[in-house]
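Asker: My structure is below; once you've seen it, I'll send some questions.
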């Protein structure tokens with residue numbers, strides 16, 4: 001435990017304090033009162049689907065939240081599977097987004113863009129992937145963008 | 001009901017379909033199955049606190065999610081109050097972030113940066129505010145960044 005604490009740059013006294021704080025604030029998973037550190041490297045994401053090729057200017061059709069520590073949660077329809085995929089892939093999300101190899105889609109240009117923004121394991125994440133058309137999105141490889 | 005549907009650019013048939021879909025997926029507040037529209041303009045945010053003046057490169061200390069429709073939720077410690085503040089202020093968040101006028105703080109430079117990224121009422125939101133030091137953050141005006 002001591003070596004893990006050192007690895008995270010936290011003293012064991014600070015960890016003990018954080019553990020007590022977590023007990024005192026049972027309803028705020030992932031959050032800690034102002035001024036204290038969390039026991040977990042924070043992970044909190046917003047995933048969205050936008051019509052068009054540009055996530056900044058297109059119409060946002062759907063957006064969900066995903067939290068992976070201490071337990072999977074959020075408004076994503078399958079947070080446990082999505083968190084497992086993220087842990088397996090790190091921040092390289094193309095294999096999760098791209099249409100499955102066996103997907104059968106027409107090839108017209110009617111783009112849909114998915115994004116993931118927020119914090120993953122303490123680091124900022126900003127990702128986007130544009131599908132040629134909605135069929136590609138329906139056949140996305142992972143569950144992460146299947147909402 | 002019909003006039004609201006027109007205002008949102010949705011036909012009543014689409015609304016009825018969405019309502020049925022919502023009944024069929026009771027556990028996915030804010031999310032809809034791939035390919036269908038949601039009844040609500042999506043709102044899903046990640047709020048974070050970063051050490052230092054630059055949210056992109058600093059260490060993310062804490063991050064929470066906030067969802068405001070259909071009901072307030074997420075890992076934010078007080079989602080109802082935070083959503084009410086967002087509705088009152090739109091995307092102008094400086095009055096919510098800045099230290100309260102009556103805050104008594106020293107003035108040393110030990111910056112802390114808060115961010116809000118994601119989607120607010122169907123539009124992308126990317127906001128950051130840098131406090132001169134942690135005292136400023138502890139005296140933030142609103143509850144939005146009080147986590």
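Placed from the backbone N, Cα and C atoms, the Cβ positions cover glycine too.
Bear in mind that TrEMBL entries carry predicted annotations, made automatically and left uncurated.
A quick note: this is a predicted structure, and the numbers were derived from the prediction, not measured.
Under the heading disulfide bond, TrEMBL lists B:68-B:83, B:105-B:135. Marked as domain 'Subtilisin inhibitor' by TrEMBL: B:41-133. For B:1-31, the entry in TrEMBL reads signal peptide.
Tell me about the setting of these features in this model.
Answerer: Using a 10 Å radius centred on the Cβ of residue B:68 (disulfide bond) and all shown protein chains, the other Cβ atoms total 23.
Taking a C-beta cut-off of under 8 angstroms and a sequence separation of 6 or more, residue B:105 (disulfide bond) has the following same-chain neighbours: B:99, B:132, B:133, B:135, B:136, B:139.
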Asker: Compile a sequence-ordered list of residues in the same chain as residue B:83 (disulfide bond), six or more apart from it, whose Cβ lies below 8 A from its Cβ; state 'none' when nothing qualifies.
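Answerer: Listed in sequence order: B:66, B:68, B:72.
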Asker: Give the number of CB atoms, excluding that of residue B:135 (disulfide bond) itself, located within 10 Å of its CB.
Answerer: 18
Asker: Using DSSP, what's the helix, strand and coil tally for the domain 'Subtilisin inhibitor' (B:41-133)?
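Answerer: Result for the domain 'Subtilisin inhibitor' (B:41-133), in helix, strand, coil order: 15 helix, 37 strand, 41 coil.
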